[in-house]
Amino acid sequence: MFLVDWFYGVLASLGLWQEVKILFLGIDNAGKTSLLHELKNEFIWKTSIDGYTMLLPYRNYENHPTQHPTSELLSIGKMKFQIFDLGGHQIVRHFWKVYSAKVLFAVVKREARMRYLKPVPQFWSSIKTLCNFDQI
Ligand SMILES: Nc1nc2c(ncn2[C@@H]2O[C@H](COP(=O)(O)OP(=O)(O)OP(=O)(O)O)[C@@H](O)[C@H]2O)c(=O)[nH]1
Ligand SMILES: [Mg+2]
């Protein structure tokens, strides 16, 4: 671990190591926001109907659809990741074209795979067109 930290430290001091920008894309309800909170190790307290209070992963929270792109900065050792969580609903997909990044992370929920069968070709062609795929 020390060697890895040292290595990234040297790269950073030479200006060769920069923040990595990552886009989380996926259709609505795929779990992008939940994943982002889990990467940040965020948990929520939830009280069950029989009165027990439990600490649960963020995904068990009744999240609301993402209306506007949000970004979070995560650090792992000397590595810094700026993660953009772009909403997946049709009405907010126009934001996708504004963003480009070296790393694209497509979030797909296994339980909802039937929902993807229809949108998948459109999803990838949107990504290619809207995010200027050649630069990703
Ligand atoms: N089963 C299961 N459900 C999950 C998981 N992650 C998130 N969810 C649930 O999926 C639903 C949608 O999660 P979000 O994280 O809001 O999805 P999103 O991709 O950000 O959706 P938009 O903001 O609408 O684009 C929520 O009800 C979560 O509780 C998971 O790993 N497994
Ligand atoms: Mg969201």
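Cβ from N, Cα, C; glycine included.
Given the structure is predicted, the values throughout are model-derived calculations rather than measurements.
Listed features, source TrEMBL:
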- Gly26, Ile27, Asp28, Asn29, Ala30, Gly31, Lys32, Thr33, Gly88: GTP binding site (BINDING)
- Asp28, Thr33, Thr66: Mg(2+) binding site (BINDING)
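Cβ neighbours of Asp28 (GTP binding site) (same chain, under 8 Å, six or more residues apart in sequence): Pro65, Gly87, Gly88, His89, Gln90.
Its Cβ taken as reference, Gly88 (GTP binding site) is surrounded by 23 other Cβ atoms within 10 Å in the chains shown. Among the binding-site residues Thr33, Thr66, the residue whose Cβ has the fewest other Cβ atoms within 10 Å is Thr66. With Gly26, Ile27, Asp28, Asn29, Ala30, Gly31, Lys32, Thr33, Gly88 listed as the residues that bind GTP, the site has a largest C-alpha separation of 12 Å. Neighbouring residues of the recorded Mg(2+) site, listed in sequence order and excluding Asp28, Thr33, Thr66, comprise Asn29, Ala30, Lys32, Asn63, His64, Pro65, Asp85, Gly87, Gly88, His89 (Cβ within 8 Å of the Cβ centroid).
Screening the binding-site residues Asp28, Ala30, Gly88 for a C-beta under 6 A from any atom of ligand 2 leaves none. Each residue contributes its Cα atom, and for Gly26 (GTP binding site) and Thr33 (Mg(2+) binding site) those atoms are 10 Å apart. Secondary structure at Thr33 (Mg(2+) binding site), taken from DSSP and collapsed to helix, strand or coil, is helix. Cα separation, Ala30 (GTP binding site) to Thr66 (Mg(2+) binding site), rounded: 11 Å.
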